[in-house]
Amino acid sequence: MDPQLGSANQFKETWKHTLLLSFQSLGVIYGQLSTAPLYVFGTMNAEDIKSEETVYELFSCIFWTINIISLLKYAFIVLRADDNGEGGTFALYSLLCRHAKVGLLPNDTSANEVMHYETGSPFKIKVESRARRAIEKHKSSHYLMLFLALFGSCMTIGVGVLTPALSVYSVSSGVQRSMSDMAHLYVPVPTASAILVCLFTLQHYGTHKIGFIFAPIIVIWLIFIGGGGIYNIFHWNKQIIHAVSPMYMYRFVKNIEIKSWRSLGSIVLCVAGSEAMFADLGHFRKKSIKITFVCLIYPVLVLCYAGQAAYISKNLHAADFNHLSESIPPLSLLASVVGSQATITASFSIINQCLALGCFPRVKVIHTSDKIHGQVYIPDINWLLMVLSLAVTIGFHDIMRIGSATGLAVISGMLVTTCLMSLVIALYWEKNLFESVCCLIFFGSIEVMYVSACMLNFHKGAWYLVVLLALSLTVMLSWHYGTKKKLEFDLQNKVSAEWLTDISPGLGVTRVPGIGFIYTDIVTGIPAFFSHFITNLPAFHQVLIFVSFKSLPMPYVPASRRYLIGRVGPKDLKIYRCVVRYGYCDPIRDTDNFEEQIISSIGEFITMEENEFESLNSSEGRMVVVGKPPADGSALIPLNETNSDEESVSLVSNIETQLAPMVADAVESGLGSVMRKKVRFMLPAKSPKMRASVRDELQELIDARESGTAYFLGQVHLAVRDGSDVLKRLLIMTYAFCDKNCREPPVALNIPHAALVEVGMVCCI
């Protein structure tokens, strides 16, 4: 873990915490792995299992697939590649971005040194190697890595859609067969649909509560399948234990044919949920996940599959092999519900990462834990997953079709993880190229074999995954492309800080009381929308603060390293710049006291400015890393109280009255009074260490805060030029649709509409 980060995701971990998290992980992470026996043999065609020898070969394939992929790859290798406690394909990609120059995510490259400045740099690029130089040199490899990260994220979302449908419907069908006397009263599809609705409705309780609710169910389920496996082995066929020999797997591969090759598409479902061990890492801890799998989940699964194989080997002519769901129907139904939780949680985690790194439309993210910040709930995505999962259940109502699509999604996501992992071994762990290639060939060849088997079932349901992939990947690529083009437009049309001072006398610019927050994506210069505003309405506030949010390819940025404060122009202009750096798991944009944090940081900057402090010389002057209040008590003192936004409204109206009615259209939509917590500030007691000029500037900041606050936000609308190619039109149209229908920027930034001035501009591409 990077020593400087001091991740907000950390708390003192004792054995008590580890055991507690291990228990919770049973109900969240291991539900899918534990319930996979419900449908692994159930999705196979009974006609393809012709002899006892075939059953031995199938069990051997299952045993070694779990050993190689779940145990060796994920539990012992991939879990070590966490990004400061976060997992998933985007965590691997962020490691590569941070430790090699391969990032393509939207950022102001002209101010890159501002974004990645740190002492003892956790952002520092490692010593160059031959492999790193080769990858950095070829731009196509950068695009390939981003595509792999987005592709893997889409596969995780696809599993989040398909697994709930597969788990619940497979059990519902088994329950119908076990209730032969009342089968006419029990219909699988409506029952499965009702259970799915209940499952997704529970998600708002968060990982912590859901883990405690679901964990006891999985514990009982593990006892049931483990005990049942032991019983089946001794009752039906003790010789099944010999099938753990890899010779049986070798015979299966040696005598392979099209029908038996298709069976691999079902076998791969035995490791469905292994990716969740890594993707859900931010919700738990590495130690708790590994201990639970090695000591409990792995041995129980081996016993369960061995028991199933023993039963099938002596009942080859059974109607189907999904006997687990028929044994104890209520427990099977409950376990199937829990089995879907891991994929839903992983979908929330991966979308939260994509969102922060500029690759997903704005959605509301709710952090459900104050100790483990990786535990998130995204309402919009939750309901979308529910609708898509219901569509699969109702549309396919066939376990084999749903299983084909799920198997392809599971193994495709694993293949992406293998590709990125091999790069992490070479570029981040700095192992030799031979180890990296061995990892890629060994795990990649096995996973490619399973992908080919799943593709044979493309017409039987796997096509749905391809459609889902095309839609989600188009949205992600479009959002990334549109965000990048907007930033390029801002960078090309920005003006220098000197422009503001040079043009002010000629335009007769008026300064009005109050503070103006100008939200912009650039970290140097004056944004084009604000220069456009000043040119048409020559006025700005007594204090101006340019605020920029910049995502770093890491999960958390501690509060003490988050804010970079500097000046724009001469000191007497009272114009400041605040760069807010945040990680892909930080809830920085949704905090209610964000405005007060910025003002407090600027007060700290004013106090420290003339002293020796940690700073960075940017193109506009020195920028200070703030976040630690001065030890001498010279910082601003906050005083909490509740107030409304009427002061902010009157401040915006101030400009309106003094200048032109043109501003009315920008603010008339939200002139209602909204009650919000307001923090007032006061100066500290007189200190001989504080200079008079510093005290005067702090007092001006306080007076401006008391006069009210206004917010300026630029809205750049993308338009396609005539003659543009079809791909560009598709990307821009998709981006425009998402931008119009997703969460609005003022809401995402917690800006009160009553005090907001939006300035629109059109960018033709």
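Keep in mind that glycine also has a Cβ here, set from the backbone N, Cα and C atoms.
Unlike curated records, TrEMBL annotations are generated automatically.
Quick look at what TrEMBL annotates:
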- 22-501: domain 'K+ potassium transporter integral membrane' (DOMAIN)
- 517-763: domain 'K+ potassium transporter C-terminal' (DOMAIN)
- 20-42: transmembrane segment (TRANSMEM)
- 54-72: transmembrane segment (TRANSMEM)
- 143-163: transmembrane segment (TRANSMEM)
- 183-202: transmembrane segment (TRANSMEM)
- 214-234: transmembrane segment (TRANSMEM)
- 291-313: transmembrane segment (TRANSMEM)
- 381-400: transmembrane segment (TRANSMEM)
- 406-429: transmembrane segment (TRANSMEM)
- 436-456: transmembrane segment (TRANSMEM)
- 462-482: transmembrane segment (TRANSMEM)
Within-chain partners of the transmembrane segment (462-482) [C-beta distance under 8 Å, separation at least 6 from its ends]: 105-106, 146, 150-151, 153-155, 157-158, 161-162, 354, 358-361, 388, 392, 395-396, 404-405, 407-409, 454-455, 718, 730-732, 734-736, 738-739
Range from 143-163, 291-313, 436-456 with most C-beta pairs under 8 A to the transmembrane segment (381-400): 143-163
Among 54-72, 214-234, 291-313, 406-429, stretch most in contact with the transmembrane segment (143-163) (C-beta, under 8 angstroms): 406-429
Any contact, the transmembrane segment (214-234) to the transmembrane segment (20-42), with at least 3 Cβ pairs under 8 A: yes
Distal contacts, the transmembrane segment (54-72) - CB-CB under 8 A, six or more residues away: 33, 40-41, 44, 48, 240, 242-249, 251-252, 260, 263-264, 267-268, 270-271, 274, 277, 293-294, 298, 301-302, 305-306, 309, 312-313, 316, 414, 443, 446-447
Contacting positions for the transmembrane segment (291-313) when only residues 6+ beyond its ends and CB under 8 Å are counted: 18, 22, 25-26, 29-30, 33-34, 36-37, 40-41, 49, 52, 55-56, 58-59, 62-63, 66, 70-71, 75, 222, 225-226, 228-233, 235-238, 240-241, 243, 270, 277, 321, 323-324
Per-region confidence, the domain 'K+ potassium transporter C-terminal' (517-763) (mean pLDDT, whole number): 73
